[in-house]
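Chemist: The structure that follows is given in the form of structure tokens.
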Amino acid sequence: MASPRLETYCCPNRDAATQLVMDFQPQIFCGVCIGSASVSLILTILQLLPKKGQSPRKMPKASSSSTILLLISICDILGGLGMIFRSSVWLGFPGFIANISVVNGTDVWPSTFCVGSAMWIQLLYSAGFWWLFCYAVDSYLVVRRSAGLSTIVLYHMMTWGLAVMLCVEGIALLYYPSLSSCENGLEHAIPHYITTYAPLLLVLVANPILFRRTVSAVASLLKGRQGIYTENERRLGTEIQMRFFKIMLVFVICWSSNIINETLLFYLEMQPDINEMPLKNIRTAALITWIIMGVLNPMQGFLFTLAFYGWTGWRVDLKWRKREIPWESLSSSTAGENAYPAPVNYQSNIHDSKKISTADSQQTDEAISMLSEGNTSSDERLTRSSPIYQGW
């Protein structure tokens with residue numbers, strides 16, 4: 001579970017709201033985190049492995065969009081491993097964890113573990129948020145013919161640079177002047193919460209806008225490819241729109257509880273005594289959302305693979321094979337002269353016109369392919385509606 005409260009708990013003089021949630025059934029909560037993260041980890045890896053029955057095809061090049069989707073899954077896997085490790089130590093070594101609360105203690109390892117594991121989880125999930133934002137940007141740029149493989153380097157610099165910078169800055173402000181004597185007060189903790197939730201809120205606000213513009217641009221591309229908007233192309237546009245909707249739906253489901261929980265805890269922090277009877281319902285709601293976070297946050301990895309690729313099945317093919325990006329084979333299939341030999345009785349002027357039509361639509365097919373990757377039904381429809389398919 002990813003929350004700025006994990007880092008706040010490492011301070012011996014932590015606030016009462018953080019103490020409330022961290023002390024609520026810690027064995028049950030850690031068990032929930034381990035179970036949810038383990039299930040998500042296994043199913044995510046299963047989703048990404050090649051499956052039997054898939055036709056082996058060559059992948060001429062990897063798109064930046066497909067690379068981003070893989071990196072999002074990797075961040076989720078590594079973040080889930082961090083949750084499993086932290087929760088396992090919490091359950092297996094209660095005496096070790098108890099030393100975190102010792103003021104001016106001489107043993108630095110409990111605090112080091114607390115800060116290190118919390119930073120690992122925050123950094124990986126924060127990077128996943130930035131990669132998801134980059135995916136929305138890249139999808140829009142691909143349709144606008146402004147993106148390519150070279151942009152993935154810029155995405156790496158932006159994602160890891162911002163994730164590390166915000167994480168280190170938030171931690172430095174939280175533990176000032178030192179971990180053993182953290183300052184009290186909301187003004188001390190607010191910068192840490194802002195650096196944690198800034199990328200999450202960015203995805204919630206910016207990605208729907210970028211996805212909506214991308215869908216509109218895709219519709220224009222499909223209409224302009226042949227001058228008509230056929231039923232197949234309409235369905236393809238709808239499926240791309242549904243894919244974006246599923247991505248945002250998974251994101252909202254997995255992280256809305258974090259925003260609700262943090263709002264409730266922030267309200268409790270502003271009260272002089274959080275144990276007052278009028279605040280009982282708010283305390284209960286905060287504890288419930290805390291447990292929900294432990295279930296939903298780790299499940300993001302598996303749910304995202306469902307949104308990206310659909311259910312890929314159980315039959316794993318242990319023979320390693322490059323994952324195909326649908327449609328990109330269209331561009332390479334026309335690269336050679338003998339890729340599609342012309343029928344003997346075709347007239348030369350008809351053959352030349354079809355070559356021009358193929359070249360004009362080739363770039364459009366590549367752009368659509370990056371957005372419809374992993375969708376078999378849309379792959380078949382694009383192939384059938386493509387001039388490359390119709391021309392031969």
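Cβ atoms are placed via backbone N, Cα and C, with glycine included.
Reproduced below are the annotations present in TrEMBL:
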type     : residues : note
TRANSMEM : 24-46    : transmembrane segment
TRANSMEM : 67-85    : transmembrane segment
TRANSMEM : 119-141  : transmembrane segment
TRANSMEM : 153-178  : transmembrane segment
TRANSMEM : 190-211  : transmembrane segment
TRANSMEM : 244-267  : transmembrane segment
TRANSMEM : 287-311  : transmembrane segment
REGION   : 371-392  : region 'Disordered'
Chemist: Under 8 Å between C-beta atoms and at least six residues away from its ends: which parts of the chain pack against the transmembrane segment (244-267)?
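Modeler: Sequence-remote neighbours of the transmembrane segment (244-267) are 2-5, 17-18, 20-21, 132, 139, 186, 193, 197, 200, 203-204, 207-208, 211, 214-215, 282, 285-286, 289-290, 292-293, 296-297, 299-300, 303-304, 306-308.
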Chemist: Looking only at residues six or more beyond either end of the transmembrane segment (119-141), which have a C-beta under 8 A from one in the stretch?
Modeler: 1-2, 4, 6-7, 64-65, 68-69, 71-72, 75-76, 78-79, 82-83, 86, 147, 151, 155, 158-160, 162-164, 166-167, 171, 196, 199-200, 202-203, 206-207, 210-211, 213-214, 217, 244, 247, 251, 297, 300, 370-371
